[in-house]
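Novice: Take a look at this one; I'll ask things after.
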Amino acid sequence: MAEITHIKARQIFDSRGNPTVEAEVTTANGVVSRAAVPSGASTGVYEALELRDGGSDYLGKGVLKAVDNVNKIIGPALIGKDATEQTAIDIDFMFQQLDGTVNEWGWCKQKLGANAILAVSLAVCKAGASVKKIPLYKHIANLAGNPKLVLPVPAFNVINGGSHAGNKLAMQEFMILPVGASSFKEAMKMGVEVYHHLKAVIKKKYGQDATNVGDEGGFAPNIQENKEGLELLKTAIAKAGYVVIGMDVAASEFYEKDKDITNFKEENNDGSQKISADQLKDLYKSFVDEYPIVSIEDPFDQDDWEHYSKLTAEIGEKVQIVGDDLLVTNPKRVEKAIKEKACNALLLKVNQIGSVTESIEAVKMSKRAGWGVMAHRSGETEDTFIADLSVGLATGQIKTGAPCRSERLAKYNQLLRIEEELGSEAVYAGANFRTPVEPY
């Protein structure tokens, strides 16, 4: 009954209106398991290849080549394979036999495309859970060898800037984390209340237009100073109890190693506001001193290992320094970051690396190093895989946008269902969001 009998892919659309790949895996028990691939706006240069068509259709962003690779190469090759054998399907068949492309950071998926491979990997994972007749999150936990399921703390991205919004704010995300909640359900209540209170604060201060939302449902008021964004959050969370702040700077979007940094979104920029990497480091330290910040993601360029290590050494005890573009969910880059003490948390994005198996390995390495893990991707579909992934791997944190826009709420609603299903066994990460479980 676990045998794969049919695989089909198609082109669908993500939350930005860009084409993406969806795959369906049918097993001998007649069940069809479907999965769609997410994408990102600010992508790291070390991510596995996302195969796009080029040309004029969809401004070059079509994925019909990747779809063809599933329908004509991957699909036929996996007929008869056991859907519960996730590692064998990912590594032995799709990577080694079918794609075979490698660079200094491992399997790069340049022949078939990480989006083609990942669509099948995700759908196979869902099929494996179906065959075993267990929830997807439990199947993922079993694949990882994780004995304890944990509901993550949601990091609500409530103010958008950078590549996620049309305002002048350089830093990309300002988030709230309800670590003081006793359950995921209560965390949602806190997040929603802060979100609506923030909307009222922004509307009163900047006008109705300022409550327009960005890519992830967060507000995008036309503010230019990053500190102003933090002040807005400080005001909004004052009445909400134990809620703390996280930031995604996405510094690779406006900064290069050995060059000065400037606000890339400032019109008629004359260079007068450029600062050095050391000055930027000190700016983060001042933010941490002044605001209840517990997480800073991508504080420097993806190649600036030196300043990542400096910042982690100086404030890593009280703040998690999250590697996104730095790590791209790649086990080999995680290994390097552990050795160099460049950060102390992994941003888990399955599409950066292109398979369930490699994602699990990156998480296990991170946990063994004592790191935190946060699951995420911004260019989303209605697929809720990431919700089950965060519970099954006990990441402790999930970042999937504001409590706004249906592709965002689909994940949060799935987490509410999982918590309800677990009943008295449900555990919410809360204040232990950085280390919710022992390494597995």
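Heads up, the Cβ atoms here are built off N, Cα and C, so glycines get one too.
These came from Swiss-Prot, pasted as-is:
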ACT_SITE  GLU216  active site, proton donor
ACT_SITE  LYS349  active site, proton acceptor
BINDING   HIS164, GLU173, GLU297, ASP324, LYS399  substrate binding site
BINDING   ASP248, GLU297, ASP324  Mg(2+) binding site
Novice: To the nearest whole angstrom, what is the C-alpha distance linking LYS399 (substrate binding site) and ASP248 (Mg(2+) binding site)?
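Specialist: Cα-Cα, rounded: 10 Å.
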Novice: Would you mind reading off the Cα separation of ASP324 (substrate binding site) from GLU216 (active site, proton donor), to the nearest angstrom?
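Specialist: Between the Cα atoms of ASP324 (substrate binding site) and GLU216 (active site, proton donor), the distance comes to 17 Å.
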Novice: By CA-CA distance, flag whichever of GLU216, ASP248, LYS349 among the recorded positions is nearest to GLU173 (substrate binding site).
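Specialist: Closest by Cα: ASP248.
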Novice: If we count other C-beta atoms within 10 Å, could you say which of the recorded positions LYS349, LYS399 has the fewest?
Specialist: LYS349
Novice: In whole Å, how far is GLU297 (substrate binding site) from the residue listed as 'active site, proton donor' when you measure between their Cα atoms?
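Specialist: If we compare the Cα positions of the residue listed as 'active site, proton donor' and GLU297 (substrate binding site), the gap is 16 Å.
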Novice: On a simple 10 Å Cβ count over all chains shown, which one of the recorded positions GLU173, GLU216, ASP248, ASP324 is most densely packed?
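Specialist: Its Cβ has the most other Cβ atoms within 10 Å: GLU173.
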Novice: For GLU297 (substrate binding site) and LYS349 (active site, proton acceptor), determine the Cα separation and express it in whole Å.
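Specialist: With distance taken Cα to Cα, LYS349 (active site, proton acceptor) is 13 Å from GLU297 (substrate binding site).
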Novice: Let me check the 10 A CB neighbour count of GLU297 (substrate binding site). How many other CB atoms are there?
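Specialist: Other Cβ atoms found within 10 Å: 28.
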Novice: Cα of ASP248 (Mg(2+) binding site) to Cα of LYS349 (active site, proton acceptor): how many Å, rounded?
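Specialist: Cα-Cα distance, ASP248 (Mg(2+) binding site) to LYS349 (active site, proton acceptor): 14 Å.
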Novice: Other residues near the Mg(2+) site, CB within 8 A of the CB centroid of ASP248, GLU297, ASP324?
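Specialist: These residues sit around the Mg(2+) site: GLN172, GLU173, MET247, VAL249, ALA250, ILE296, ASP298, VAL322, ASP325, LEU347, HIS376.
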